[in-house]
Each structure stands twice: as C-alpha cells, then as structure tokens.
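**Q** These came from Swiss-Prot, pasted as-is:
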type    : residues                                  : note
BINDING : ILE10, VAL11, ALA12, ASP32, ARG62, THR119 : substrate binding site
BINDING : 11-12, 19-24, 48-51, 67-70, 100-105       : NADP(+) binding site
DOMAIN  : 6-164                                     : domain 'DHFR'
Amino acid sequence: MWSFLKISLIVAMDKKRVIGKDNDIPWRISSDWEYVKNTTKGHAIILGRKNLQSIGRALPDRRNIILTRDKNFNFKDCEIAHSIEAAFKLCENEEEVFIFGGEQIYVMFLPYVEKMYVTKIHHEFEGDTFFPVVNFDDWKEVSVEKGIKDEKNPYDYYFHIYERIR
C-alpha cells in the first residue's frame, strides 16, 4: 500500500510499557529528548491531537502531521489528517516518517512500521498510557546503546533500534 514510504516509530517506555500519565511523560531524561530531536529532525512526524496538546507546540525542524477525528481542529505550524491514508498521503514525498504517539496512534500505525527506535527505561512508573504489546520475535535488534545515568538522566535506560523481519 505505502511501500514507497519508510515508516518508523520512536518511543520511550518503562519496564511495564508506560509511556504517559495524565497527558504527560512521567520522567525527565534529557539525553532521550536529545536523541528524539536528533533522530527525527528533518523528517515528518505523525502524532495524535492529545500528544500535540500535551507538548503544547509544533516541534521545530520537522513536519508535524496531526491525526485527529476532529474536523475543526487546527494548530499553528501543523498539518492535519483525519485518517491513516490521509496522513500517509501527506508524507508521500518523505524519505522516512516517524510515528510519534500517543497510545492510539502507535496501535493504529504499528502494522505499517518497519523500524522502531525504542528507549527502554529500567524503572517502573505510574501510568495511564501504554505502548502496545509487541511480539519481538517479529523484530531484529540492530542496535543497543546504554544511556548515561547522571543528574539530568536519573534512571538506567537503553536506546534500542529494531527492524521488522520480513
């Protein structure tokens, strides 16, 4: 269907797949945010309306494509799509697009994803938003790097990259 488009996702999650609580991220790891910025810079990102509203602004140096059912939704410096197909159509000239969450967006797009950039935080947080269950037998880990724990990064965490096995 969209074989011309490289579809990746990027996510940080804890040991129980928590990705959020009360429309926010329950941790602060500055090097993960740097990793996200550097990885997605210059690319399109697809995210849900709630995720955008929790961030509060379009992310600079990348196309922000917002998937929402709200036909009246508008947001400065963002493009709006009302279906997966419409979001992909907006990205047809992109080299790589990143699925940026939240939970419902990950669930909807996971079947199309070829590559996952996953920061795994070795801690358990309270949460109400989760990354979907993934059968990692269908994925090959191509990279893993331990993050540096310090005062700005107070948890053990690892950057993993997985590619779907075809």
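Quick reminder: no glycine exception, Cβ is built from N, Cα and C everywhere.
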**Q** Once near-sequence residues are set aside, which residues in the chain of ASP32 (substrate binding site), 6 or more away, have Cβ atoms under 8 Å from its Cβ?
**A** ALA12, THR119, GLY147, ASN153, TYR157, PHE159
**Q** If you average per-residue pLDDT over the domain 'DHFR' (6-164), what number do you get?
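**A** That stretch averages a pLDDT of 97.
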**Q** Taking only the binding-site residues ILE10, VAL11, ARG62, which one has a CA atom nearest to the CA atom of ASN23 (NADP(+) binding site)?
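**A** Checking each of ILE10, VAL11, ARG62 against ASN23 (NADP(+) binding site), the shortest Cα distance is to VAL11.
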**Q** Should ARG62 (substrate binding site) be counted as helix, strand, or coil on the basis of DSSP?
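**A** Once the DSSP labels are grouped into three classes, ARG62 (substrate binding site) ends up as coil.
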**Q** Quick one: of ASN23, THR119, which of the binding-site residues has the smallest count of other CB atoms within 10 A?
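**A** Per-residue Cβ counts within 10 Å for the binding-site residues ASN23, THR119 bottom out at ASN23.
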**Q** In sequence order, which same-chain residues at least six apart have a C-beta under 8 angstroms from ILE10 (substrate binding site)?
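**A** Those within reach of ILE10 (substrate binding site), by Cβ under 8 Å and sequence separation of 6 or more, are VAL36, THR39, THR40, PHE98, ILE99, PHE100, MET116, TYR117, VAL118.
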**Q** Which number gives the other C-beta atoms within 10 angstroms of the C-beta of GLY102 (NADP(+) binding site), all protein chains shown included?
**A** 21
**Q** Please list residues from the chain of ARG49 (NADP(+) binding site) whose Cβ is under 8 angstroms from its Cβ, counting only those at least six apart in sequence.
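**A** Once residues fewer than 6 apart are set aside, ARG49 (NADP(+) binding site) is near ILE66, LEU67, THR68, ASP70, PHE73.
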